[in-house]
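Note sheet for the following structure.
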Amino acid sequence: MREYKVVVLGSGGVGKSALTVQFVTGTFIEKYDPTIEDFYRKEIEVDSSPSVLEILDTAGTEQFASMRDLYIKNGQGFILVYSLVNQQSFQDIKPMRDQIIRVKRYEKVPVILVGNKVDLESEREVSSNEGRALAEEWGCPFMETSAKSKTMVDELFAEIVRQMNYAAQPDKDDPCCSACNIQ
């Protein structure tokens with residue numbers, strides 16, 4: 001059974017913990033309690049292949065930003081979360097993706113861009129088109145989720161597994177890496 005390390009990144013209050021807890025336990029956290037660092041494990045079957053996800057739910061506040069390099073160094077897949085009802089959280093996600101590329105020293109890191117809180121449609125500040133355009137620029141999948149209504153939560157974690165599975169395959173067009181798997 002494959003084990004993967006997934007890191008959930010985003011500003012404070014965007015719903016990183018709520019998404020993670022909803023996926024792992026099937027419950028919604030109503031009260032906001034800022035995270036410093038939480039670690040979860042869950043078995044998941046994606047495309048008939050079992051995997052174990054080790055999910056690191058990170059602090060969104062800037063005072064813990066210095067810890068991000070370590071999280072990123074150890075992560076294999078990244079879920080970048082912003083709140084659809086907070087334009088600033090969308091802007092804040094861009095330097096986080098840049099930090100992933102800088103630490104990993106590789107452009108093709110498995111990343112999913114996630115607009116959370118789709119259940120608050122009437123308060124939306126970030127359009128679907130803005131999210132899609134950024135994901136297209138980055139060459140990664142884009143999803144809109146709701147931890148509260150469980151919209152696309154399971155699909156999100158299944159997709160990051162697919163992205164990590166794909167990244168683990170050697171590049172058939174690159175003769176240097178056709179016989180090895182460098183991570």
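Backbone N, Cα and C define each Cβ position, glycine as well.
In three-state terms derived from DSSP, G10 (GTP binding site) belongs to an extended strand segment. Among the features that Swiss-Prot reports, GTP binding site is placed at 10-17, 57-61, 116-119.
As annotated by Swiss-Prot, motif 'Effector region' applies to 32-40.
Taken from Swiss-Prot, the feature S-palmitoyl cysteine applies to C176 (among others), supported by experimental evidence.
Taken from Swiss-Prot, the feature S-palmitoyl cysteine covers C177 (among others).
Summarising the annotation, Swiss-Prot assigns cysteine methyl ester to C180 and lists a curator's inference as the type of evidence.
Taken from Swiss-Prot, the feature S-farnesyl cysteine applies to C180.
When the binding-site residues G10, G13 are compared by the number of other C-beta atoms lying within 10 angstroms of their own C-beta, G13 comes out lowest. Of all Cβ atoms in the shown protein chains, 20 besides its own fall within 10 Å of the Cβ of V118 (GTP binding site). Using a 10 Å Cβ-Cβ cutoff, T58 (GTP binding site) registers 24 neighbours.
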